[in-house]
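S.K.: I have a structure I would like to understand better, so I am pasting it below and will then ask my questions one at a time.
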Amino acid sequence: MNGHLPVMLGEVCQLIEPVLGIGDVFIDATLGAGGHSEAILMSSQGALLYGIDRDAYALALARKRLSGFADRCKFVHDTFDKFDKYLSNLHPKVFLFDLGMSSMQIDNPDRGFSYMKSGPLDMRMNESDKITAKEILNGYSETALIRIFRDYGQERYAKRIARQICKARSVSELVTTCQVSQLIRDVCPPHIRKGHPAKRVFQALRIEVNSELLFLRTALEKALDLLQVGGRIVVLSYHSLEDRIVKHLFRSVSVSQLPKGFYINKDPEYKLIGKDLKNPKETEIANNPRASSAHLRAVERVHSHSQAEAQIVEPRA
């Protein structure tokens, strides 16, 4: 029904299916077209899905795709950091975050995500949001643009690109993705980098437009707090900025916190799982090249907060 293939579907199901029972709630916080959730609903009979997406078009596709499970699904049009508003004190057994762009978003030039196809400078996941890439590129100061390109795109030519954008917009407003893509291509030495020179800048703009990294940290912290004992959080990230947030947060909750100068025995509330499932197989990458940058991380809650309370132990003699 659409060209989007769920990334690392087998690995995701391998982590999620064993812990989902009848009546258990799982949150697909980035529902997209519903590919992951469809597989999980098929194999985990009796589990209840809360599917969340800020993209109304994607949500409509998922609703249609999952119509056979309508009695077990609730669909929410919102950003994924707001999932707790809809749970009515429920504690989910599973959270899934697939942070990648869907093919249907990238391949539709009218959405403005692609640097390969001409379209409006939009990049909004939720098309009712106010800020667009056009407003950022034509309205932000040169200093602000440099910060965005460096922080969110890790772009080594951030200063050069921002300067050229400000120069170009002083002549006429930047309107299309191809304008910006060509401007970046003209500024950056082609022999220095692999791939398209606009890739990092477009990533940075998309993150800024949609506040992606801020929402991610907030959502993961809420998920860690609400997750049932025995439940799991599974995250697919696609660039180092996302993965760094996930990695550091998961590591921090899966090790004992030992204050300096105290003898304390405290079992961590979470443990890292799925370390052998981090990256897609070569066969999947061959069939779906967009999966090549995927990175899978997961944690399982092994204790409640009260069970993991610190205990003072005697120092060694």
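Just so you know, glycine gets a Cβ as well, placed from its N, Cα and C.
According to Swiss-Prot:
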BINDING   Gly34, Gly35, His36, Asp53, Phe80, Asp98, Gln105  S-adenosyl-L-methionine binding site
S.K.: Just how spread out is the S-adenosyl-L-methionine site if you go by the largest Cα to Cα distance in Å among Gly34, Gly35, His36, Asp53, Phe80, Asp98, Gln105?
M.R.: 17
S.K.: How many other Cβ atoms sit within 10 Å of the Cβ of Phe80 (S-adenosyl-L-methionine binding site)?
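M.R.: Around the Cβ of Phe80 (S-adenosyl-L-methionine binding site), 26 other Cβ atoms lie within 10 Å.
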S.K.: To which of the binding-site residues Asp53, Asp98 does the lowest count of other Cβ atoms within 10 Å belong?
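M.R.: Ranked by other Cβ atoms within 10 Å, the binding-site residues Asp53, Asp98 bottom out at Asp98.
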S.K.: For the binding-site residues Gly34, Gly35, work out the Cβ neighbour count at 10 Å and name the residue with the minimum.
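M.R.: Each of the binding-site residues Gly34, Gly35 was scored; lowest Cβ tally within 10 Å is Gly35.
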S.K.: Over all shown protein chains, what is the count of other CB atoms within 10 A of the CB belonging to Gln105 (S-adenosyl-L-methionine binding site)?
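M.R.: For Gln105 (S-adenosyl-L-methionine binding site), the count of other Cβ atoms within 10 Å is 20.
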S.K.: Reduced to three states, what secondary structure does DSSP give Asp98 (S-adenosyl-L-methionine binding site)?
M.R.: strand
S.K.: Under DSSP, is Asp53 (S-adenosyl-L-methionine binding site) part of a helix or a strand, or is it coil?
M.R.: strand
